[in-house]
Amino acid sequence: MNKLQRLLQSKILILTICAAGIGGTFQYGYNISIINAPTSYIQRFMNETWLERTGVPLESNVILLLWSFTVSAYPLGGLTGAIAAGPMAIVLGRKTSLLLNNVFVIIAAVLSGFSRMAKSFEMVMLSRFFTGLNAGVSMNIQPMYLAESAPKKLRGAVALTSASFTALGLVLGQVVGLRELLGEENSWPLLLASNVVPALIQLVALPWFPESPRYLLIDQGDKESCISALQKLRGHCDLSAELEEMLAEQAATEGQRAKKPWELFQNPAVRWQLMSIVVLSSAMQLCGNDSMYFYAAYVFQEAGIPQEKIPYVVIGTGSCELITSVTCNMIIDYAGRRPLLLGGYSFMAGWAIVFMVALSQQTQVSWMPYLSMVCIFAYILSFGIGPAGVTGVLPTEVFDQMSRPAAYMICGSLLWFNLFLVGTAFPFIVKSLAHFCYVPFFVVCICTALYVGFFLPETKGKSFLEISEEFKKRNFKPQTHAFFYKGPEEIKSTVL
């Protein structure tokens, strides 16, 4: 019986990861991909609805404008959710925030599911906003919850599962959007409303698992609940070392309150931490990975793949990201954070150059479309092996308990703003730079790789306090300043 109990308790952490992920970052990837398949159907629905209301059809440019509003509602909701995530994590706790977050998806599913019946395309727009709101909250709180619940030696791998669930959602969204499933014209309201299923699964599963032990001890001051949560997550092993580390962190933050985002910008003690997450969170969207999906269908068509088979090949691009994120899960606590980030961005920079050359010769050389295909898969693989997952882990590791929610608010806001920026600007970049449209992304990848190589310390295997002390040395590095003043007889130098 005792052996069986230990076996069950050793699986609690894995089940906690699954319960948090299925209704968390899974929704981000799933809701990004399910909107692609019904694009033409929803645009047709907008036109038919307007024609029925007014008797006048919409012009093509107006349909595109309405569609752009629908697409833009998702990152706008995400930005709102990222801003709301910090206060939610502080006031409600990590687990309760994730549970409450499902309300937004349920509202979105109802709106999109009944939009055709109600003959209202505005309901689709509003549903995308609520879907983005859910994704914005989960993208911030899930990695925070998991990293705070994981043992130190597995912290990177556990927090990185957020990226794996994003990639899993992306692939499943592509699969569900196939014509054989919910990709037919009559099924698009069901396709958009299908995101309610993972939300319901999380609402049933997550309440059975504990709150973040660090939140219970440091934020709530509840040592007994913290020990109880640790016992559920770790079993009956010796918890004294881990508890001692948490108590030391609690003592270090004693008397402090949770920080606001603007207070981090004013605090010189977190200068390098803040600069690191700003650079890496911005690079996540500005590196051009999502734009690869923009080119995928065109490149596959040029390579001779039949039009009706392209959706199946596109699933391969999402599968690449899933495979590499799972691989990264297995090696992050062995390889470290810096090598994965440095390698990922360096490879992306190299493949960006090859991709631009291949695009420029696409119609001149017969085998160039195949090289372009290789570049697409290689670029996505390079992104998945490091930047996709490691970026979400770092805010938990480099900020203390009082600053962590505010740090995630900043990260999330940058992620969603840059997603909107790239989505808006990329068509204009393609129009102006043509085959050399990846030059801006190449520059971002090179600059990020240089920053990681020169300025980002390794956090693998270190406690939160050890990481904090290492950054403190960087933030308050002793500097030698000299100033000179003239005396009546001589020039004196004083070194401060």
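Numbering starts at 1 and runs along the chain as it is shown here.
Cβ atoms here come from the backbone N, Cα and C positions, even for glycine.
As the structure is a computational prediction, the values presented were derived from the model and not from experiment.
If you look up TrEMBL, you'll see 12-30 (among others) marked as transmembrane segment.
Marked as domain 'Major facilitator superfamily (MFS) profile' by TrEMBL: 17-460.
Residues or ranges marked as transmembrane segment in TrEMBL: 62-86 (among others). Among residues of the same chain six or more beyond the transmembrane segment (62-86), those with a C-beta under 8 A of the stretch's C-beta atoms are 31-32, 35, 39, 42-43, 46-47, 97, 101, 104, 121, 124-126, 128-141, 261, 405-406, 408-409, 411-413, 415-417, 419-420, 423-424.
The transmembrane segment annotation in TrEMBL covers 98-118 (among others). Same-chain residues lying 6+ beyond the ends of the transmembrane segment (98-118) with a Cβ under 8 Å from its Cβ atoms: 20, 23-24, 27, 45, 81, 88, 92, 124, 126-131, 133-134, 137-138, 141-142, 145, 188-190, 192-196, 199-200, 202-203, 206-207.
The feature transmembrane segment is assigned by TrEMBL to 124-145 (among others). Taking Cβ pairs closer than 8 Å, the transmembrane segment (124-145) reaches residues 20-21, 23-25, 27-28, 31, 35, 42, 45, 69-71, 73-86, 88-89, 94-95, 97-98, 101-102, 104-105, 107-109, 111-112, 115, 159, 162, 165, 192, 195, 199, 212, 392-393, 395-396, 404-405, 408-409, 411-412, 415-416 in its own chain, all 6 or more past its ends.
Taken from TrEMBL, the feature transmembrane segment applies to 157-176 (among others).
Long-range neighbours of the transmembrane segment (188-209) within the same chain, counting only residues 6 or more positions beyond its ends whose Cβ lies under 8 Å from a Cβ of the stretch, are 12, 15-16, 18-20, 22-24, 26-27, 30-31, 34-35, 37-38, 41-42, 45, 95, 98-99, 102, 105-106, 108-110, 112-117, 124, 127, 131, 134, 169, 176-177, 182, 232. Sequence annotations record features per position, and here TrEMBL assigns transmembrane segment to 188-209 (among others).
Long-range Cβ contacts of the transmembrane segment (340-358) within its own chain (Cβ-Cβ under 8 Å, at least 6 residues beyond either end) map to 280, 283, 287-289, 328, 331-332, 368-369, 371-372, 375-376, 378-379, 382-383, 385-388, 390-391, 435-439, 441-442, 445-446, 448-449, 452-453, 456. What TrEMBL records for 340-358 (among others) is transmembrane segment.
Per TrEMBL, the feature transmembrane segment maps to 370-394 (among others).
Nonlocal intrachain contacts for the transmembrane segment (406-430), taken as residues 6+ away from its ends with a CB within less than 8 angstroms of a stretch CB, comprise 71-72, 75-76, 78-79, 81-83, 85-86, 89, 132, 136, 139-141, 143-144, 258-261, 263-264, 273-274, 277-278, 281-282, 284-286, 288, 290-291, 294, 391-392, 395, 398-399, 437, 440. Among the features that TrEMBL reports, transmembrane segment is placed at 406-430 (among others).
Taken from TrEMBL, the feature transmembrane segment covers 436-456 (among others). Outside the transmembrane segment (436-456), and at least 6 residues removed from its termini, the chain residues within Cβ reach (under 8 Å) are 272, 275-276, 279-280, 283, 286-288, 291, 337-338, 341-342, 345-346, 348-349, 352-353, 355-356, 360, 387, 426, 429-430.
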Positions whose Cβ lies under 8 angstroms from the transmembrane segment (157-176), at least six residues beyond its ends: 13, 17, 21-22, 24-34, 36, 139, 142-143, 146-147, 149-150, 182-183, 191, 194, 198, 311, 314-315, 318-319, 321-322, 325-326, 328-330, 332-333, 384, 388-390, 392-393, 396
Intrachain neighbours beyond the transmembrane segment (12-30), with Cβ under 8 angstroms and 6 or more residues off its ends: 95, 98, 101-102, 105, 131, 134-135, 138-139, 141-143, 145-146, 149-150, 154, 158, 161-173, 195, 198-199, 201-203, 205-206, 208-210, 232-235
Cβ-Cβ under 8 Å with the transmembrane segment (370-394): same-chain residues at least 6 beyond its ends: 139, 143, 147, 155-156, 159-160, 162-164, 166-167, 276-277, 280-281, 283-284, 287-289, 292, 295-296, 299-300, 302-303, 316-317, 320-325, 327-329, 332, 337, 340-345, 347-348, 351-352, 354-355, 358-359, 362, 411, 448, 459
